[in-house]
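> Before I ask anything, let me first share the structure, which is written out below as structure tokens.
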Amino acid sequence: MDDDEAPELIDATALPSDSPSVFDSAPHRVPITLITGYLGAGKTTLLNYILREKHGKRVAVIMNGASTSPTALWTSANITHLRIWRLANTHSNFFSPFVAADIEKSLTVNQNGQEVTEWLDVGNGCICCSVKDSGVMAIESLMDRRGSFDYILLETTGLADPGNIAPLFWMDDGLGSSIYLDGIVTLVDAKNILRLLDEPAPEEHAHESHPGPALTIAHLQISHADVVILNKSDLVTAAELEHARQRISSINGAAKIHTTDHGRTPQIEGVVLDLHAYDHLSHLDLQAKGHTHIDPNISTIAITHPAIAASSIARIDAWLRSVLWDSYLPPGDCSSLASADFEIHRLKGILALNDGSFRIIQAVRDVFEIRDAENSRGDMNSADGPDHCKVVLIGRRLGASVTPWQRSLESFLHSDKNRQ
Amino acid sequence: MAMVPANRRCSGLDCENEAGSLQCPTCLKMGTDSFFCSQDCFKRSWNSHKAVHKAKSNFLTNLFPPNVVSEPDPVTGHYNPFPKYSFTGPLRPVYPLSPRRTVPASIPHPDYAIDGIPRSEQKFVGRHKITILDAKEQEAMRKVCRLAREVLDAAAREVKPGTTTDYIDEVVHRACLERDSYPSPLNYVNFPKSVCTSINETICHGIPDQRPLVDGDIINIDVTLFHEGFHGDINETYYVGDKARANPEAVRVVETARECLDNAISLVKPEMLFREPGSVIEKHAKSRNCSVVKSYCGHGVNQLFHTLPNIPHYGRNKAVGTAKPGMCFTIEPMINLGTHRDITWPDDWTSVTTDGSLSAQFEHTLLVTEDGVEVLTARLPDSPGGPVPMPMVNGEKSDEDNQSAQH
């Protein structure tokens, strides 16, 4: 921009509400939803969902700098409430491979016929011992600068492994971040999904060198999903659609699946946004159907256990560390796992304690936490909470049977009692 | 930085007016804030102001346009490169920085010495196993950490009122070269100097410049050496002059930080969870009415300057992993008298407390042994500094023994 005419000054107060001062003790937290799925799987549908349902809300959409231009996509949307940024090359672990910091990326957005250039400020701050990923910090500083948004959508479509990205946004409460991970929404094209799962192109393989059926990016996107939007159902037969649903459900028995048909969408209040998938549990989460093994790679299993004493929580923690960090299932009293090579993608659980209180377990890959169950929204109170513990696991090579897992947890808890 | 001071001045040329909320749109796009009192003033200043837009990517280029830089002192030539920035405390950068120091080619350089990018660290992004060092590698770590301790001690001996942080940088740089070592901070992600010097409200990553130390300051000196393929990382906070040692607030924050590190180290042994030191650190800091900086963590250190594991210094964290014999990592709590929040100067490095309160830090490189821990950067019998007793409020020194162990 090298003109000799001074441009018009901009009134900062005309921008959305003042950003919270850095001196505030409790920053307003904005939910961020990771949108994943293959290109062409239906971003526009999803955006229309959100904008129609959340009319009047301010939605920020952040796209990987490497993805295709979005200008054609947004023209039908109510884009005065939409701000779109490209995230510039950063030292971030989830966007492009490491390149020198460069804040030159920009994006032109059609806004009611006017072209508006929106920048995403990416600092060159120290990455060396920062707790937060620099891409995450860039998004936070965006929120600080541009005022409060109601929702942030982060597009990670294409060939990204959501299991590497989710932990970056699932930050410790103590960090006081202005954003929090609400959940992962995966877009699935009903017409193509079975081919993507079974006959992937070389670049669609997940990076790994295990023998056996290929693990694809599509598998990872479904296994990590909290919500799956099954698009283009009108382009397939009823049987094909059911086939796709079952396959998805077999991979991830905990995700909610929403089918779209001719662009019509069901009531989606609270089912695509406001998921709280990482800090709450609902009954639906725990009604996961497990034990079907349609997919050769990924399955869902559910373990139950009677209510436990509070003193057993440390033992549960140790069991989770073994399973999630060491990929080692402590042997149960009789059965052992056929394959010792499993990999957990997502884990949710509820611990019912003898004193009537609850803890919830959340995990994605090797990051997990056990936290107090909040009783807001009436999710978990002793009246309608379960009277037993339940743990739902989604992952790879979990084995044909839930028994080794069930036995493992039981023995592990029991052996602690014997020791005392 | 979206810091908006209560009375902001117009950025216009020779304009003393207060600015309201009108901003240059180009600056906004670039991620900076330039306020002007009116469109007319903006137009008038345009020719000189637009030079700010031209030079963008390197923070040093912000120094060129005369209306953005304070007038150099006619005698010393010193100036503040960010005169319009809303500093959170009294500390100011004193430029110009001295010319970039060089390291002879005979001393092995880390990969980032060329263009600032630590590529070898990036290979390990994501899930990977933490490096376990064999006996030979552990010996190499022992050696570089011992050298780092020597260099830190040499720098600490220069700490007195009147010494500039640039001079400390010169001492560190020379001491590294004498030990056939590359000063690891130099050009790491384009850090311009060979050591980090962090004064008073500076939490970490302070850049050595022309500011002389003042009686009453506290200064953290953070040294890392790269010797025969391994990095050794250490820092300590020192008191400048008797005034600092007599200041109960300074002593409280410095000694609390020292003790926090000692308490954390006492946990280190095989099977320690990396999420645990944070609890112990936060608990002790709270007991002394101090806060813990959350943004920066301890880190693995070996053939790489910064690698896994990450070790947060605050409690209730989700850090992954368990200590095993042969692992090397740092613990480096940053403790503040006031808020835990940090903000970074426009130089993109210097991290300061958002309320300007004092901050102190201590760091060791640790090796997990079969049954415990070896503090590779331990203090030597003649190491300068060390704990000081809490001064009595009426000025007399307390006789109370300081409980912290001497590492």
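Heads up, the Cβ atoms here are built off N, Cα and C, so glycines get one too.
In TrEMBL, annotation is done automatically, which means it is predicted and not curated.
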> Suppose a student reads TrEMBL and sees B:ASP222, B:GLU363 listed for Zn(2+) 3. Which of B:ASP209, B:ASP233, B:ASP355, B:ASP371 should they find annotated at that same site?
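Record check against TrEMBL: Zn(2+) 3 site with B:ASP222, B:GLU363, extra candidate from B:ASP209, B:ASP233, B:ASP355, B:ASP371 is B:ASP233.
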> Report the candidate from B:HIS173, B:HIS205, B:HIS284, B:HIS299 that shares the Zn(2+) 4 site with B:ASP233, B:GLU332, B:GLU363, as recorded in TrEMBL.
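The candidate from B:HIS173, B:HIS205, B:HIS284, B:HIS299 that TrEMBL ties to Zn(2+) 4 along with B:ASP233, B:GLU332, B:GLU363 is B:HIS299.
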> For the binding-site residues B:ASP222, B:ASP233, B:GLU363, which Cβ has the most other Cβ atoms within 10 Å, all shown protein chains included?
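Max Cβ neighbours within 10 Å, all protein chains included: B:ASP233.
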> Using Cβ atoms and a cut-off of under 8 Å, determine which of the binding-site residues B:HIS205, B:ASP222, B:ASP233, B:GLU363 neighbour chain A, and list them by sequence position, or give 'none'.
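Checking chain A against the binding-site residues, the residues within range (Cβ-Cβ under 8 Å) are B:HIS205.
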> With a radius of 8 angstroms around the mean position of the C-beta atoms of B:ASP222, B:ASP233, B:GLU363, what other residues of the same chain does the Zn(2+) 3 site pick up?
B:CYS196, B:VAL223, B:THR224, B:ILE234, B:ASN235, B:THR330, B:GLU332, B:THR365
> Name the one residue among B:ASP222, B:ASP233, B:GLU363 whose Cα is closest in three-dimensional space to that of B:HIS205 (protein binding site); these are the binding-site residues.
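Closest by Cα: B:ASP222.
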> Quick one: average pLDDT across the domain 'C6H2-type' (B:7-60), no decimals.
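Over the domain 'C6H2-type' (B:7-60), the predicted model scores a mean pLDDT of 72.
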> Using C-alpha atoms only, work out the spacing between B:GLU363 (Zn(2+) 3 binding site) and B:HIS306 (protein binding site) and round it to an integer in Å.
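Per the Cα atoms, B:GLU363 (Zn(2+) 3 binding site) and B:HIS306 (protein binding site) stand 14 Å apart.
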> Could you state the CA-to-CA distance between B:ASP222 (Zn(2+) 3 binding site) and B:HIS306 (protein binding site) to the nearest Å?
14
> Just to verify a number: CA distance, B:ASP233 (Zn(2+) 3 binding site) to B:HIS306 (protein binding site), in angstrom, no decimals.
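About 10 Å separates the two Cα atoms.
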